[in-house]
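Below is one structure; the comments refer to it alone.
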């Protein structure tokens, strides 16, 4: 069994904190919340301090922040129905089009595409068209309810979205006409899918839900060794593992570490849990074990968790309790 060691507890935001995002270099992070502000934090000696407060971009709660792969830009998704793009501490673009709250934003691996999703049930894909210019490339209406999260595949231009309609959708650009299409629907959860994350090579996806389960999905490509049928020669995603009975309330976020393969979950029962793939895990029927559980990680709902992309075993979390915590996993 491992354990999570609390390294830092940080305060600064007023009200609940919705999102945290490590910078690609792993030496700083951004946070956002109810106070309509984004804070950029970095390490000075052994202390994390707020270096910048970005407070003039949004009129309502900021739900999520995400750095571009190059680390030069930050995107923020807000309940004011806009997405802001920040560079060098200034808002350089505002993306408008959603009718309601924007819940999530994600950059593609190349940094050339941005995805957003909203309570208006739509997913938008934006092309970076030049300096501070973004053009809408697609509006995707595949979900029947509020869309909670969008995440790009780590190596391909494939987008995943999670929704209040209990499903996950996959999207890709058609080779024929350059239109974006929904290529797969992943159905197994019995309630809202709050968050999703790909593993390092993008062949698997983890999802977390209001149904208090984590699910692992695997991609089966045309001609796969397992003999899984792939209609129309399109990739099929199958649920290959369900982790149930370990969370007592809704699971709001999940992070699949690209360095270690460990999965962290953020739960409405105030806990953070870490899962490790079993040594005897099978490709088409994987098994995961609970490595450690930090039962009272926060005093209220844990809204987000994210593994540091560079510093192995470092985890960040934020909560309704108004704090950000930085943890180190000891295995």
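Cβ atoms are placed via backbone N, Cα and C, with glycine included.
Pulled from Swiss-Prot:
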| type | residues | note |
| --- | --- | --- |
| REPEAT | 12-51 | repeat 'WD 1' |
| REPEAT | 57-96 | repeat 'WD 2' |
| REPEAT | 97-136 | repeat 'WD 3' |
| REPEAT | 142-181 | repeat 'WD 4' |
| REPEAT | 188-227 | repeat 'WD 5' |
| REPEAT | 246-285 | repeat 'WD 6' |
| REPEAT | 297-331 | repeat 'WD 7' |
Worksheet item: Could you give the number of helix, strand and coil residues in the repeat 'WD 5' (188-227) as assigned by DSSP?
Response: 0 helix, 19 strand, 21 coil
Practice prompt. Report, as numbers and ranges, which residues of the same chain sit near the repeat 'WD 3' (97-136): CB under 8 Å and 6 or more residues beyond its ends.
Written response: 60, 63-70, 73, 75-83, 85, 87, 142-157, 159, 161, 163, 169, 171, 180
Fill in: Taken over the repeat 'WD 1' (12-51), the model's mean pLDDT
98
Worksheet item: Ranking 12-51, 188-227, 297-331 by Cβ pairs under 8 Å to the repeat 'WD 2' (57-96), which is first?
Response: 12-51
